[in-house]
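Below: the structure, in C-alpha cells.
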Amino acid sequence: MEPSLGDSSSSSPSPSPVDQPYPPSEPPDQPTTAHAKPEQSSGDQPAGPGAAGEALAVLTSFGRRLLVLVPVYLAGAMGLSVGFVLFGLALYLGWRRVREEKERSLRVARQLLDDEERLTAKTLYMSHRELPAWVSFPDVEKAEWLNKIVAQVWPFLGQYMEKLLAETVAPAVRGSNPHLQTFTFTRVELGEKPLRILGVKVHTGQSKKQILLDLNISYVGDLQIDVEVKKYFCKAGVKGMQLHGVLRVILEPLMGDLPIVGAVSMFFIRRPTLDINWTGMTNLLDIPGLSSLSDTMIMDSIAAFLVLPNRLLVPLVPDLQDVAQLRSPLPRGIIRIHLLAARGLSSKDKYVKGLIEGKSDPYALVRVGTQAFCSRVINEELNPQWGETYEVMVHEVPGQEIEVEVFDKDPDKDDFLGSGYCIGGEEVGWVSDLYLTLFYLSLQWFPLQGGQGQVHLRLEWLSLLPDAEKLEQILQWNRGVSSRPEPPSAAILVVYLDRAQDLPMVTSEFSHPQLKKGNKEPNPMVQLSIQDVTQESKAVYSTNCPVWEQAFRFFLQDPQSQELDVQVKDDSRALTLGALTLPLARLLTAPELTLDQWFQLSSSGLNSRLYMKLVMRLLYLDTSEVRFPAMPGIPGAWDLDDSPQTGSSVDVPPRPCHTTPDSSFGTENVLRLHVLEAQDLIAKDRFLGGLVKGKSDPYVKLKLAGRSFHSRVVREDLNPRWNEIFEVIVTSIPGQELEVEVFDKDLDKDDFLGRCKVSLTTVLNSGFLDEWLTLEDVPSGRLHLRLERLTPRPTAAELEEVLQVNSLIQTQKSAELAAALLSVYLERAEDLPLRKGTKPPSPYATLAVGDTSHKTKTVPQTATPVWNESASFLIRKPNTESLELQVRGEGSGTLGSLSLPLSELLVADRLCLDRWFTLSNGQGQVLLRAQLGILVSQHSGVEAHSHSYSHSSSSLSELELWSGLPQVTSSAPELRQRLTHGDSPPEAPAGPLGQVKLTVWYHSEERKLVGFIHSCRALRQNGRDPPDPYVSLLLLPDKNRGTKRKTSQKKRTLNPEFNERFEWELPLDEALQRKLDVSVKSSSSFMSRERDLLGKVQLDLAEIDLSQGAAQWYDLMDDKDKGSS
C-alpha cells in the first residue's frame, strides 16, 4: 500500500500590492505565516503542453511587438509626417510616466501607513511645503479601536458592496440604455487595506445641541472594480485608490427622545486628496492632461455634495423639522481679509545665466476651503503693496483654515516664495492662541514658511445680524472704506431653493403660446442672479414638479436697491419656463429678514409657482471687541512644559505580577486549507480568433480572515490537480466565510472560472471537512477542498511527532507547515529611559517571529506605557525560533529589546511564561504572557495500514487514502505510535562511522519515489576539526546526473540536521529493481575538489516496504561494505 502523503506544492507568498501593483490578473496575497521564496512549478506537467504554452507565449510576445510597428506603417502608407509618430510616442511615454508615478505614489503611501514612524522620521528635515499635502500630524486622539472595528467589518462591507453592485446597480445600468444590456461587474473587491481613521477630535463648547467630531481619514486601498460590456468587448475598471482628508461629523439636534440624535451631517472641511489608478479602457485617463482633468472632475463631483459648504444629511427621525436648515445652515460669520503688503521676499529672477540677480514679480493666493482669491502681480518688487480685500464665508468654527501662498510670476512656471496658514483659529507656526484676534480683528505681519519674508494681513470677523436696525450704520462705514477689487459687502443672502409646482409642458418649438399646448415634461433648472453674479441649480429631468433642495449664497453691497432675478428654464437654457423678480428691500421689513413662502412665476402657467426660503443677514463689525496681539509670534519661542502632571493625593496602584488578558486571548485556531483538484472547468482559451477552442490554465485564490492565498498555475488542464496546503489563524467570530475563486491565467487579464464559499463556523464545529464544492456563476465545474481545524495543545510531548508528520505531508516546493501557535499578550512596560534625560518618551513595541511582526499603538509621553495588545504567530520550528521584542520611542530610537527563545516555553509549565522580563539594556521591564500550543493533526492522511508490501494494493490513489476508508487508512494514534517507534534510536549503539536517518516511500499517485533525509549522528571525525558533511544519493545502477541528488552542506558538525526531500520520477516496477546509494561526505578544503567519504549505506528497494514511509536509522559503513542495516 502506498502512503497518502499530501504531496502538495504549497504556494509561496507573492509580493504585496505595494511591491507588485500589477498585473490585475494575479491577485496579490500577503500571508504572514509562510516565508519561502516562490518557485515556479514546472516538473508536474508533461513536456508537450508546457512546450506548446511556451511557444504560444513567444508567438504572442512577437505579435505584440509587431503591433507596435503598425502605426508607423500606417503613417507611411497614408503619407503622414513623422511628427504624427513622434506625437503618438510622446503620448505613450507620458501615459506610462503618469502610470508609474501613480503606482509609486500609491506604493509610498501604503508603506507610510504600514510603518509611519520610520518613514516620517526620514522626512523630518523636510519643510511643510515639501511634504505631501495629505501628510499631517494632528493633535487628536488616536482611534485604534475604531480602526479595528473597521478592519473587522471591511470584508463584510466588501460582500455588501459586491451584492449591491451586482444585484442593484448592474440591472439599473443595463436598463438605462439598450447599448448597455450586457453590462456586468466582473470583479468587485474592496481589497485587504481598510479605511483608516488616523485620529478623532471632539469639539466641545460650541453648542449644547450638537456634537462635532473631526475624523482624519486615510484610505490607501487595493480595491479592484472591473466592469465589462460584452457586446462591445469593452473592459474598464479601477485598481487602487487614495483618499485623504478631514471628515467632519455633526450630530444634531440633540433631543430628549430616542434616538437622542435627530440627524447626522457629514462633509469634508477641505477638499480631500484623491488619486485613482485606472485599468482597462479607462487607462486612457492616465494620459497627461487627461489624468489631471479626470481627477479634477471626479474631485469636483465629490465637492459638489460633500465638501463645504455642501454636506450630506442623514435624518434619523421621521418628519424632522428644519431639514433645509440642517442641510444648508447659515454661515457662522464672514472673514474680511485685507491683503495689505509683503516685505523681505526672496529674489527669484536671474539674468545672464544667474550672474546678475534681479527681483521678483510677486502675487498672492488666499484660500479658505473651496474659496480662493488671487491678487494682482506687482512687477520687480521685493516689498509689494497690494491693498486688496476679500470676503469669505466661514461655515465651521473651528476647522476651516486661511492659507496664503506667495509666488513669483514667470512666463513658464511660477516660483514659490513662501506660505503661511492658520487652522481652527490657531496660527500654526505664527503666533500662539490667536482665536480671538483671528475672529475679530488682527493687524499683523506673519512670517512665511518655506521661504523668507513676511506678509501683512488684517483680518476682520463680521457677525451676522438678523435685523435691519444697523443697516445705515454699516453702509456709512463701508462708504469710508477703500476696498478693491470689490466694494465691501453690507449683507449676505442665502436662498434655499426647495421645489416648483405645475410648470408648463414643452414642445419642440419655443413660443409662449405653445407652452400650454405641449405634451412633453420639461427638465427644469433655475438661474438666480444678483447684478452680475449668477448661480445655477442642478437639472431635474422629466418632471414639471421638480424638487431641488439646494442652497445659494450671495454677497450684497446695498440690500435697499438690489434685486434677485430668478429664471426657471429647461436644461437647454433656450426655453424659459417661468420668471420672478424680487426686490431685496422686501426682506428688510420681514420678520428676522426671512421670507419662507410660495412665489408665483410670471410668463408661465396659471398655477406655476416656486417655493423658496430667503434669509438675509447684515454684516457687522463690533469695534468694541477688536483686540491686537502684543507682539508677533516666533516659531519655537515657547518651551512648554509637557511633562506629565502627577497628583499627590492619588495612591500609586500596586505593581501586578501577572498579566490580565481578556477571555478571548489564546482561543485562536489554525485552519489548514488543502486545495486538491478541480473537475469539469470551463475552457476559456481560444485560438485563431475563436475558431479553435482550447483549454484553461487554472489557479485558485482563497480569502479568509483578511488573508489571501494564491495557488500555482496548472497549464492547459480542465481537470487540474494542485495538492497545495495553506494555513491561516482564525477566530470563532460568527459570519466569517472562506471565499474561493478559480481563474484562468492569461497574458492580459485572467478569466473567471467560478467561485464558492464555505462557512467558517461549519468547519470549526466539525473540525474536518472534505467535500467537492460546486463552482457558482459558471456553467460547470467543481472544486475539491479539504479543511482541517488544528487546536493548539499545551503539551510538548507530541512536538517531535508533529514535526515528523509535517515533513511527510509537505512537498518539496511547499512552505514548511506550522508545528505550533504562539500567542503573546503584551500588557505594559515600566522604568523606560527618559528622552534627553528629562522628558518621557512616546513608546511603542514591535513583536516579531521570523518575518512576521506586529506593532502596538503608541502611548504618548510616558515611561510606563500600558498597551494591552495581543498577537499570534505560526511557528514552524519551536526548538530554534525565538520571539523578538523591541520597545521604541517616536523620535528617540530604541528604548530596549528582548529575545525570548521558544525553547524556554517548551520546558515551561503548560508551555506558558507570564511574568516581568528585563530589557537588554538594563533599563526598563515589560510584562508579557507568551504561550505555545502544539498543532496536532487528526487527519494527516499518512497511511499505516500494513507492514507487508503488496503490488495489488499499491495502485490505490492518494485520494482514496485520504477518503477515510477504514480498510486502508489508519487513525492518527496508530500513526503517532508508528512514528514513535520509527524515531526511537536502536538498542545497539551507533556504529563506528555513525548513522543516517532517512525515510523512503513510493507515491503512487504522482508516480514518484520519495526520499527524505532527516539527519546524521555520531559521524566520524577524520582530522583535527569536525567535518562539513552533506549527503549524496544515487539511484543505482545508473550513475549519471539524472538520478543523483545532494543535500546542502552543514558546517563543522558531527550531528547535522538536513530535513530535505528528494524525488525520482519512475514506475513502481522499475523502482523495485533499483538500489539507493546513500553516501555521507565532507569537503576536504576550500581549494580542493576532493571529498572525504564519512560513510555510506546501500538500500535494496525491493526489500523495503515502500508503502510505510517510516523514518529509520541506518548504520554507515565504509566503501568496501555492501547492503543496509
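Our numbering is plain: 1 for the first residue shown, then up by one each step along the chain.
Placement of Cβ uses the backbone N, Cα and C atoms for every residue, glycine included.
Unlike curated entries, TrEMBL annotations are predicted automatically.
What you see is a predicted model, and the numbers here were worked out from it, not measured in a lab.
Note on TrEMBL: of 653-672, 973-992, 1033-1052, the range annotated with the feature region 'Disordered' is 973-992. The domain 'C2' (651-773): residue composition by secondary structure is 7 helix, 59 strand, 57 coil, according to DSSP.
Helix first, then strand, then coil: DSSP counts for the domain 'C2' (467-603) stand at 20 helix, 58 strand, 59 coil. Mean pLDDT for the domain 'C2' (651-773) in the predicted structure: 85. According to DSSP, the domain 'C2' (799-921) comprises 18 helix, 59 strand, 46 coil.
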